[in-house]
Amino acid sequence: MIQAIGVIGSGTMGNGIAQTFAQHGFDVRLVDVSAPALDKAKATIDKSLTKFVDKGALSAADRDATLARLHFSGSIDHLADVDYIVEAIVERRDAKRDLFAKLDALVRPDVVLSSNTSSISITDIAAATTRPEQVLGMHFMNPVPLMTLVELIRGQSTSDASMELAESLCTRLGKTGVPASDYPGFIANRILMPMINEAVFALMEGVGTAEAIDSVMKLGMNHPMGPLTLADFIGLDVCVAILDVLHEGLGDPKYRACPLLRRMVAAGHLGRKSGRGFYRYA
Ligand code: NAI
């Protein structure tokens with residue numbers, strides 16, 4: 001029975017993943033190399049849980065119990081006896097492979113190691129360990145406490161048992177695990193990013209204004225958010241990075257990032273996080 005979860009990386013995704021596991025009764029150890037990032041994660045989780053309480057979706061006692069199940073640390077040494085790992089550190093192949101090699105030497109041989117990577121090959125990460133059959137992708141969506149999808153990515157060697165375990169954990173979190181193969185962008189970004197990129201090309205060519213493009217997709221296609229608004233939310237630098245992975249990995253020019261998207265990133269207009277993207281944020 002899985003009870004103790006190690007989450008590594010306490011940024012945008014890691015703190016949401018840690019909160020979600022803790023809300024569903026798991027003991028969570030959240031590790032980050034950056035002390036300010038851990039402090040920020042604590043504050044973010046506190047705020048998010050309090051929002052649930054204010055909305056009547058969580059009792060104050062459940063919030064306190066959730067917080068008591070969360071432990072913060074600056075070192076992976078505190079993960080030696082966990083039952084399951086979710087890695088959510090920076091999206092860099094070398095950093096992930098290095099961490100997985102260390103985790104492989106640290107945790108029990110039966111423990112499954114999962115990565116929240118958006119685009120790096122699970123097979124490649126798994127090859128840094130001696131247990132590739134127990135490595136898979138567990139790709140949560142942002143914001144994690146609210147979004148119900150988790151893409152479960154099967155690497156070349158991932159066993160059925162590891163996939164089944166991850167799927168059962170998704171169920172315990174009240175989420176739906178959907179299996180995907182280890183190809184660049186998996187399912188979500190393979191389909192989402194070309195749509196966002198096409199919206200940027202349409203803007204660049206003057207087919208419509210940003211507002212017009214977003215309105216068409218919202219009102220005409222029933223999307224809850226237009227593609228340019230969504231790109232601002234994801235971060236335009238992240239969009240370019242994922243498109244580059246699709247372009248390089250699949251070799252088709254249809255995945256090349258729109259020059260306007262690259263120009264905006266070069267200008268520091270990264271979306272919400274920088275206060276300016278396709279829209280301005282106060
Ligand atoms: P982030 O930049 O907000 O957080 C990353 C955290 O990892 C930072 O706090 C950093 O200090 C920490 N870190 C870096 N190296 C570390 C190490 N070796 N050991 C421990 N901590 C380390 O990044 P974000 O956005 O949370 O992304 C994390 C992962 O989740 C990436 O693989 C990304 O592709 C993926 N992802 C991101 C989504 C998003 O909407 N931001 C959506 C789905 C997946």
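One-based numbering along the chain as shown.
Using N, Cα and C of the backbone, Cβ positions are placed for all residues, glycine too.
Quick caveat, the model's predicted, so the values are computed rather than measured.
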Query = Out of Asn142, Asn222, which does TrEMBL tie to the same NAD(+) site as Gly9, Ser10, Gly11, Thr12, Met13, Gly14, Asp32, Glu91, Lys96, Ser118, Lys273?
reply = Asn142
Remark   = Taking only the CA atoms, the spacing between Ser118 (CoA binding site) and Asn142 (NAD(+) binding site), expressed in whole angstrom, is 11
Note = For Lys96 (NAD(+) binding site), the three-state DSSP class is helix
Key: Among Ser48, Ser118, Asn142, the one of these binding-site residues whose Cβ has the fewest neighbouring Cβ atoms within 10 Å   = Asn142
